[in-house]
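Here's what Swiss-Prot has on this protein:
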- Thr10, Phe11, His18, Gly89, Ile90, Arg91, Glu99, Trp124, Arg125, Tyr126, Leu127, Ser128, Ser129, Thr130: ATP binding site (BINDING)
- Thr10, Lys42, Leu74, Arg88: substrate binding site (BINDING)
- His18: site 'Transition state stabilizer' (SITE)
Amino acid sequence: MSYTVIYAGTFDPMTNGHLDIIERASELFGQVIVAVAKNPSKQPLFSLEERTALVRQSCAHLANVQAVGFSGLLADFAKQHQAKALVRGIRGSDDIEYEIQLAQLNDKLSGRLDTVFLPPSVTWRYLSSTMVREIYRHQGDVAQFVPNAVLCALKEKE
């Protein structure tokens with residue numbers, strides 16, 4: 001399909017699970033905008049600029065993917081970029097109720113914005129940024145869970 005979709009998150013840090021969803025979305029849609037969110041209620045490991053750069057580096061092999069930092073309402077960001085839909089990853093039943101509420105809210109706020117749910121590949125179903133941060137904070141090896149650009153950035157923080 002030749003239209004633009006948005007995959008949004010804080011990506012703190014970006015994981016191989018995120019990359020899996022982005023790669024699959026890039027095969028399905030004409031353009032994928034990875035919207036890297038500034039969330040004032042969280043204390044990020046990386047700044048918005050760093051997270052956006054890490055997503056760009058991790059997705060450099062995908063010609064139809066771009067990373068853009070943003071703050072504010074996702075529905076407004078989607079309108080500004082003329083996106084037809086949002087892409088959301090759903091790991092399991094715990095995510096479904098929240099994600100459906102979020103999808104309905106974004107649709108209502110935007111006037112018309114569909115949400116496409118993609119389950120992660122089985123390999124990454126259990127993975128989250130929170131888990132990666134916890135492993136990292138306890139000096140564990142996160143190499144198998146994050147793209148190389150993220151791994152290098154984490155090592156620089158040590």
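Cβ coordinates are placed from backbone N, Cα and C, and glycine is handled just like the others.
Keep in mind the model is a prediction, meaning the values are calculated, not measured.
Around Ser129 (ATP binding site), the same-chain residues at least 6 positions away in sequence with a Cβ under 8 Å from its Cβ are Thr10, Phe11, Asp12, Pro13, Met14, Thr15, His18. Annotated pair Ile90 (ATP binding site) and Leu74 (substrate binding site), C-alpha to C-alpha distance, rounded: 18 Å. Each residue contributes its Cα atom, and for Lys42 (substrate binding site) and Glu99 (ATP binding site) these two points are 19 Å apart. Spread of the substrate binding residues is 20 Å (greatest Cα-Cα distance among Thr10, Lys42, Leu74, Arg88). Summarising the environment of Leu127 (ATP binding site), the number of other Cβ atoms within 10 Å of its Cβ, over all protein chains shown, is 19.
Across the structure, Leu127 (ATP binding site) and Leu74 (substrate binding site) place their CA atoms 24 angstrom apart.
Between the C-alpha atoms of Leu74 (substrate binding site) and Glu99 (ATP binding site), the distance comes to 14 Å. Counting Cβ atoms from all protein chains shown, Arg125 (ATP binding site) has 14 others lying within 10 Å of its own Cβ. Around Arg88 (substrate binding site), the C-beta neighbours below 8 angstroms that are at least 6 residues distant in the chain are Tyr7, Glu99, Leu102, Ala103, Thr115, Val116, Phe117, Leu118.
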